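I have placed the structure first, in the form of structure tokens, so that the comments after it can refer back to it.
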Amino acid sequence: MSPFAGFSRAFYGHPGRWAVGTAKTLACCHLIWTYGYSVGPASGPSMLPTFSVAGDWLLVAKRFRGGRDVRVGDLVVYRIPVEPADEAVKRVMGMPGDYVLVNSPEGQSDLMIQVPQGHCFLVGDNLPASRDSRTFGPVPLALVRGKVIAKTWEWIVNPMDAEDAEAPV
């Protein structure tokens, strides 16, 4: 008999108990990931200088899904209306009933609109490099996936800085 047999029996217990414990842990992780929080990258130049080009990692609270309790100035993750499989991060500039000035990315028009009910107006921090509500109009609140509550893993060095993003290719 192994000298670790007693330890192994006490530590792991009955195999069924270990399987149930593993299933409970996986179920809790699934619930937290689906309904609580998620961590994901933000990449691209549209949110400079708030987020780096190569991608900062963001902690997203999903309790704000569907635009619930979102306010002007918040950063949200949303499904892009013209590309539903993709998500992006933008800043809320207008909520239902608010008036916003739409300066098209090409600078061709200055138009004041009222954000319709059930929609929000989202804009990137780096206006010339952002494809946002100025391009495809107000975004339905149902497409809001969550609110950014923290920038995480900042110790990971970003190999690209703001000057590199603006350099011509």
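For all residues, glycine too, the Cβ spot is worked out from N, Cα and C.
Just so you know, TrEMBL annotations are computer predictions that nobody has curated.
As written in TrEMBL, here are the features:
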{"type": "ACT_SITE", "residues": "S46", "note": "active site"}
{"type": "ACT_SITE", "residues": "K90", "note": "active site"}
{"type": "DOMAIN", "residues": "23-103", "note": "domain 'Peptidase S26'"}
{"type": "DOMAIN", "residues": "114-153", "note": "domain 'Peptidase S26'"}
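Note: S46 (active site) has non-local neighbours A88, K90, G124, D125, N126, A129, S130, R131, D132, i.e. same-chain residues 6+ apart with C-beta under 8 A of its own C-beta. Secondary structure counts, DSSP: the domain 'Peptidase S26' (114-153) has 10 helix, 17 strand, 13 coil. DSSP places the residues of the domain 'Peptidase S26' (23-103) in helix, strand and coil in these numbers: 23 helix, 35 strand, 23 coil. Per-residue confidence over the domain 'Peptidase S26' (114-153) averages out at a pLDDT of 94. Within 10 Å of the C-beta of K90 (active site) we count 25 further C-beta atoms, all protein chains included.
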